[in-house]
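According to TrEMBL:
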- 9-41: domain 'EGF-like' (DOMAIN)
- 42-74: domain 'EGF-like' (DOMAIN)
- 75-107: domain 'EGF-like' (DOMAIN)
- 108-140: domain 'EGF-like' (DOMAIN)
- 141-170: domain 'EGF-like' (DOMAIN)
- 204-235: domain 'EGF-like' (DOMAIN)
- 268-299: domain 'EGF-like' (DOMAIN)
- 300-331: domain 'EGF-like' (DOMAIN)
- 332-362: domain 'EGF-like' (DOMAIN)
- 363-400: domain 'EGF-like' (DOMAIN)
């Protein structure tokens, strides 16, 4: 009687085989191809199936890639999870935090949704960290001081300087960074400017210390900005230094804004420079707002520009408030707009006593001191001689005249 046959695993590259070596394959697993007699080799990292190992040897693609006409797998446009071309409108489905609009475009989920089927907070499959799930697929933010929660009244973790008691977050004493109770002797760790005593108290450091191990001026472990640590004391740096290792002007370690460092000293840049490598006007590295860099000099932008790359009016990169950018020029917004985009009438925010509706700024009612729409009588506060009726009744956030003599 012959011995019974046994099955042994093929080599990891092989789908079917006649022995266990890498040269004993009949067919190959996904992501591999037959590169020679009975030998499987790896496809390019973007290919799912292939006929050679190059980027141009793909039959089909891995998730997140699409097949081009020359057998190449290219990456899908973000945030597509899978796609049929490289465009943002070529998606089959979307990555986490996005949802499919129509048949092929991905849009952002509401900020609280981890997965969603629409853009509102009531179209969520799951919630992000710091949000909780309620009825009708809705994610709501945990109320402060909860960091994570089960619902609006059941905290799971707490914000800095709060501790969890049951399902409620209670505030630590002001000296504590973390604590086990609300009393001053319940501290576990201390805030900056305090040091810890073994009995649970955090006591104040000397005013020059950032960290310390006692209340005296020579108990400092680190110093506030503008001071340097020396033998436990925090000594004041020279006024030109941001940080230092001594009291003299040549003891600087770092410099404040608009200064440059050279051999332990800080020197002031030219007036238009933001950063520089010398005191002369042509030593600028970057420029302050309203100026642009050319050959080491900071020159003024056109008066309409916020940032620019040249002096001409069409060299603007961004615009001052009340202007919008078009082909390098900054054009003035409509007089009612505080800010606009694309055209002068496409408002994104409004001037005082106007409200925004469908990108148009409308004037509030004359009785309003301010309003927020959707009607001009939806006042947020009132002019002199009127008061705001905010009850949801007859008037609903309108301004009513004060009684005579009031």
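Glycine is treated like the rest: Cβ placed from N, Cα and C.
TrEMBL entries are annotated by machine, without manual review.
Because the structure is a prediction, the values reported are computed rather than measured.
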_Average pLDDT across the domain 'EGF-like' (9-41), rounded to a whole number_ = 88
*When the domain 'EGF-like' (108-140) is classified with DSSP, how many of its residues are helical, how many are strand and how many are coil?*
0 helix, 16 strand, 17 coil
*For the domain 'EGF-like' (108-140), find every same-chain residue at least 6 residues outside the stretch whose CB is under 8 Å from a CB in it, and list them.*
96-99, 147-152
*Sort out the residues at least 6 away from either end of the domain 'EGF-like' (332-362), same chain, that have Cβ-Cβ distances under 8 Å to it, and list them.*
304, 321-324, 326, 368-374, 376, 378
